[in-house]
């Protein structure tokens with residue numbers, strides 16, 4: 001008796017088990033979030049329904065910038081290979097959206113064929129029509145970098161109303177569609193001719209819900225001198241501050257991202273360090289992909305909940321028979337008050353609400369009589385998903401991350417800076433003398449010996465107290481000096497001989513020059529007398 005009650009209760013008690021995070025997200029979306037979206041026509045207002053490919057696709061990087069800022073050259077620099085459909089020049093060359101992806105052979109897949117392929121995450125782009133699809137293609141080629149990530153090249157953004165209208169499709173809406181699904185958005189600026197056009201400002205504003213994905217690259221920085229570069233950097237930060245309304249400062253990478261010689265090499269070290277940081281950021285994307293998809297699903301669920309409250313509130317206010325049109329106009333005009341009412345009644349943050357102006361525009365064309373009343377069961381299901389299922393998936397995300405290397409992207413420009421003499425920081429700081437036959441500390445040892453013999457050595461060694469008197473003269477914090485002591489006391493006897501003292505002074509010099517100390521003493525820094533005993 002009442003077997004259906006016990007069955008339902010059992011289903012609630014027993015959490016669903018998933019093999020992977022992607023599978024879990026796919027099932028949760030289809031079973032718990034999609035019914036809410038469909039019931040309140042979410043897809044007509046915000047974003048098309050997600051498909052299997054959206055949960056399984058590789059991390060994607062979206063490049064956005066004005067024409068001739070080096071977007072296509074940047075991709076060429078990363079993968080170290082020309083790709084089909086690539087055009088580079090000072091004039092606006094890239095006139096299409098090009099998805100650069102891995103494939104067994106080189107070739108181009110046109111947009112109309114791409115949007116019918118269920119294995120690709122682009123099927124919902126058919127909503128933008130032929131004008132867009134004729135300007136969309138996939139360049140596929142066998143390349144080790146593309147094994148781990150895909151890159152989206154975009155048309156250069158131009159200034160002027162004529163350019164915006166002549167595209168034939170809503171450029172900002174297409175970018176917003178991609179922004180929802182990519183893992184990283186890179187905005188490129190040309191340091192030599194810094195300018196943010198009106199259309200570029202609109203595009204950046206369209207990406208405002210995805211600030212966590214945005215990184216900025218100030219490209220072609222080798223074309224200007226240090227003093228000018230400082231001014232350009234300041235001007236860029238000031239301009240971005242007016243467009244991106246967040247209290248946090250967006251991360252800006254400065255460099256020259258191509259394989260040609262630097263025109264003005266003054267800032268070579270800065271460019272190398274910045275390039276290394278950007279590469280590390282891109283290399284972390286495969287490891288963080290599952291977390292990004294989880295985060296995006298949570299954002300989508302919160303928006304879907306708010307949307308359900310908005311639509312059901314409008315339905316509740318509509319008359320049954322007369323005066324529907326006049327009431328509709330009144331409700332659209334007073335949508336801000338409805339937002340405030342929902343915010344108060346359901347304790348929802350104002351940041352979860354969609355853009356008021358955009359929502360008002362979309363509601364003008366809708367038939368309010370087809371809207372649905374509030375259905376608490378659908379909302380309860382989504383709340384349960386956010387409270388319980390997502391927490392379980394979070395544990396799986398951490399497990400999957402721990403099994404992946406921190407730098408998963410290999411090949412192309414990423415291999416050039418990994419190891420060897422041209423790796424970042426090779427032969428500098430604690431790495432100085434790594435390839436020398438002689439002990440690198442030896443050249444300064446006579447100077448250090450003079451100090452050593454003034455510190456009252458006993459049996460050729462000085463105590464920690466005597467060493468401390470000399471080491472604190474460097475004015476380095478005790479935490480740093482403590483680490484240097486541990487590294488220099490190679491035989492761990494609590495005393496320093498002349499070689500160990502010289503090593504301690506060498507490490508102090510390394511730190512004072514602005515380099516980091518190694519976690520363990522590199523083999524080339526071990527004093528010669530200690531090597532024989534190993």
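Cβ atoms here come from the backbone N, Cα and C positions, even for glycine.
Model, not experiment: these values are computed from the prediction.
Swiss-Prot marks one residue of 47, 456 with the annotation phosphoserine, and that residue is 456.
Together with 65, 66, 67, 68, 69, 70, 71, 72, 258, Swiss-Prot lists one candidate of 220, 293, 299 for binding ATP, that being 220. Swiss-Prot names 489, 491, 493 for binding Ca(2+). Of 499, 500, the residue it gives for the same site is 500. Same-chain residues lying 6+ beyond the ends of the region 'G4 motif' (219-222) with a Cβ under 8 Å from its Cβ atoms: 69-70, 74, 188-192, 229, 232, 254-257, 262-265, 267, 271. Counting same-chain residues at least six beyond the ends of the coiled coil (198-227), those with a Cβ under 8 angstroms from any Cβ of the stretch are 64-66, 69-70, 74, 157-160, 163-164, 171-173, 175-176, 179-180, 182-192, 233, 236, 240, 243-246, 248, 250-257, 262-267, 271, 278, 281, 292, 295, 299. When the C-alpha distances from residue 71 (ATP binding site) to the recorded positions 355, 456, 489, 491, 500 are tabulated, the minimum falls on 355. Residue 220 (ATP binding site) sits 53 Å from residue 493 (Ca(2+) binding site), counting Cα to Cα. Comparing local CB density within 10 A for the binding-site residues 489, 491, 493, the maximum falls on 489. A separation of roughly 52 Å, to the nearest angstrom, links the Cα atoms of residue 69 (ATP binding site) and residue 489 (Ca(2+) binding site).
The recorded positions listed here are 69, 355, 456; among them, 69 has the most other Cβ atoms within 10 Å of its own Cβ. When averaged over the region 'G1 motif' (65-72), pLDDT in the model lands at 85.
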